[in-house]
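A.B. asks: So TrEMBL lists the following for this protein:
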TRANSMEM  32-54  transmembrane segment
DOMAIN    47-296  domain 'G-protein coupled receptors family 1 profile'
TRANSMEM  66-85  transmembrane segment
TRANSMEM  97-126  transmembrane segment
TRANSMEM  146-164  transmembrane segment
TRANSMEM  206-231  transmembrane segment
TRANSMEM  243-266  transmembrane segment
TRANSMEM  278-298  transmembrane segment
Amino acid sequence: MHALTVNAMINQSCQEQFILLGFSDRPRLESILFVFVLIFYLVTLVGNIIIILVSYLDPCLHTPMYFFLTNLSFLDLCFTTSSIPQLLFNLGGQDKSISYIGCAVQLFMFLGLGGTECVLLAVMAYDRFTAICKPLHYSVIMHSQLCWTLVSVAWSVGLLNSLVMSPVTMKLPRCGRCQVRHFLCEMPALIKIACVDTVAVESTVFILSVIIVLVPLTLILISYSYIALAVMRIKSASGRRKAFNTCGSHLTVVSLFYGNIIYMYMQPGHKASQDQGKFLTLFYNLVTPMLNPVIYTLRNKDVKGALKRLVTTK
């Protein structure tokens, strides 16, 4: 009876807060990371807000492509904000704790927004496929109602992913293990501190990863296979260059995002290096969202033109 009481008290303490160890084993690195993370986060906020404002304010950008890009920028803002402020707080002081509710919210947003981005990138690939392979029918196919439906599906898939996996992960018994070897409440890190057999949970995670990650990726690859064939049939060099420029930005973003996601989630949970996991998570949680506006702006004449018009218009 006494042992049960002690275990109950230990579990109760883990119901109140977690300790995010993050990079606490490297104090000097924490100071350097604080500066870099803060700068990258501010650039991410400014860059994505600019993309959203430009796409909204410039009538020339009221097209399906920029509608999806606006959603991607909004998603990236939410994605980074779900964890980076907490990381900055932990890097800047001795307190590494996060409340149980805060951890649950962070996990819910992380899973939901990550799942949404997987599907949204597939939607953007379909948009590019339609624009290049069926240019004469593009405006008819990619009408406003379809765009809103595709975006709603992307956000719904992410929400469903969170609703399924968040409760399962948070309810795992931990027997007083409150120290998470990560800088955020990420699912693999929370699963690792469970004190029960997690094979069933890890199998579920793997199956969902296959569905949410590989199915959209397969659709992206199929779309770009057709795009490549269509581009090869274009006789003029300027036409091929324009097609590559149209798709190059999206392909770069897809490579950055999926490269990290596949390495992180498409392998058994206990075989990933903890240090590699933390830095890769930091990369796709901060660096990738920061690079997205830069990639789309530098490679896109429409966005650069819209920025010039907004700056010069009084």
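Yeah, the Cβs are placed from backbone N, Cα and C, and that goes for glycine too.
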A.B. asks: Which sequence positions outside the transmembrane segment (66-85), separated from its termini by at least 6 residues, show Cβ-Cβ distances below 8 Å to it?
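C.D. replies: Distant contacts of the transmembrane segment (66-85): 37, 41, 44-45, 48-49, 51-52, 55-56, 105-106, 109-110, 113-114, 116-117, 120-121, 123-124, 127, 147, 150-151, 154, 183-184, 253, 285-286, 288-290, 292-293, 296, 302.
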A.B. asks: Would you kindly list the residues that approach the transmembrane segment (243-266) from elsewhere in its chain, counting only those six or more residues past its ends and only Cβ-Cβ distances under 8 Å?
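C.D. replies: For the transmembrane segment (243-266), the list is 72, 114, 117-118, 121, 124-125, 128, 131-132, 188, 205-206, 209-210, 213-214, 217, 220, 224, 227, 230-231, 234, 272, 277, 280-281, 283-284, 288, 291-292, 295-296, 299-300.
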A.B. asks: So, do the transmembrane segment (32-54) and the transmembrane segment (278-298) meet, by the test of 3 or more Cβ pairs under 8 Å (sequence gap 6 or more)?
C.D. replies: yes
A.B. asks: In terms of Cβ proximity under 8 Å, which residues at least six beyond the ends of the transmembrane segment (278-298) contact it?
C.D. replies: 22-23, 37, 40-41, 43-44, 47-48, 50-51, 69, 72-73, 76-77, 79-80, 83-84, 182-184, 186, 249, 252-253, 256-257, 260-261, 263-264, 304, 307
